[in-house]
Amino acid sequence: MVAVKWCEAEVRTFEWTNTFSNLIFAITAYIGWRLAKERGLPFEFVAAELLLIVVFVGSVLFHGTAGASWRAELLDELPMMLLAHAYLWSVRDIHPWTRPPLWGRTLFVGAGVPIVGAVTYVWWQNYAVFINTLTFQYFLAGGIAFSASRKIGAPLRTWFWFIGTFAFGKIIWEIEQYRYREGTCPTSALNPVYWFHAGWHVFAAAAHHAAMRFHGELWVATRGKEV
């Protein structure tokens, strides 16, 4: 038994759109990897793109089984937590919370919460635990990045790009899940809601790229500066 299911699995024997739309993650990871290499960013940035590839593989396996495999679901979702933890490492040294002496405490919380969340989620299969843990991780890394940008006066255009794409993706994700819970999943691909989870993949990939680009901009801007 899985913790979450999607509309396409209810109306199709194979989740074509939800499966193949994951290609955007592989493309985004490649673009991010190239950018990290070109800018000379530390390994944390490369690791985040490699973890996005792992998320890509896990999501393909999960949707490719029509959302029927708990193991495939975990291969999709647990790497998301690892990726969110990589976001925290990508803001290391740009803020007082992410440099000594406070970095150890931040890392303890930033790693401890998802470890407890992951164990709890695997044990009870409560999807709310997974979502809330992931949200905490996003807010921790994103909040630190925002605070650091204010300290050095960095432009927020890329940060707003991240917030906008993530928020819009989350909205269509929630709409699709609401239709699933209500038993009103669209059966025709002509209905825009049919594409909403695939759309979430696109907007989530865009949000990832914006976040990593923003963190990279901050890393470059804060070299040799106290923030």
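A Cβ is built for glycine as well, from the same backbone N, Cα and C atoms used for every other residue.
TrEMBL does not curate its annotations; it predicts them automatically.
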Hey, TrEMBL has Ca(2+) bound by W6, E8. Any idea which of E15, E38 it lists too?
E15
From the ranges 79-101, 102-124, pick the one that TrEMBL records as transmembrane segment.
102-124
Using DSSP, would you call E15 (Ca(2+) binding site) helix, strand or coil?
coil
Specify the nearest of the binding-site residues W6, E8, E15 to H63 (Zn(2+) binding site), where nearness means the distance between Cα atoms.
E15
Using all protein chains in view, find how many other C-beta atoms are within 10 Å of the C-beta of E15 (Ca(2+) binding site).
25
For the transmembrane segment (102-124), sequence-distant contacts whose Cβ falls under 8 Å of one of its Cβ atoms, 6 or more beyond its ends:
3, 74, 77-78, 81, 84-85, 88, 92, 96, 130, 132-133, 136-137, 140-141, 144
Provide the three-state secondary structure of H197 (Zn(2+) binding site) computed with DSSP.
helix
Whole-number answer please: how many Å between the C-alpha atoms of E8 (Ca(2+) binding site) and H197 (Zn(2+) binding site)?
9
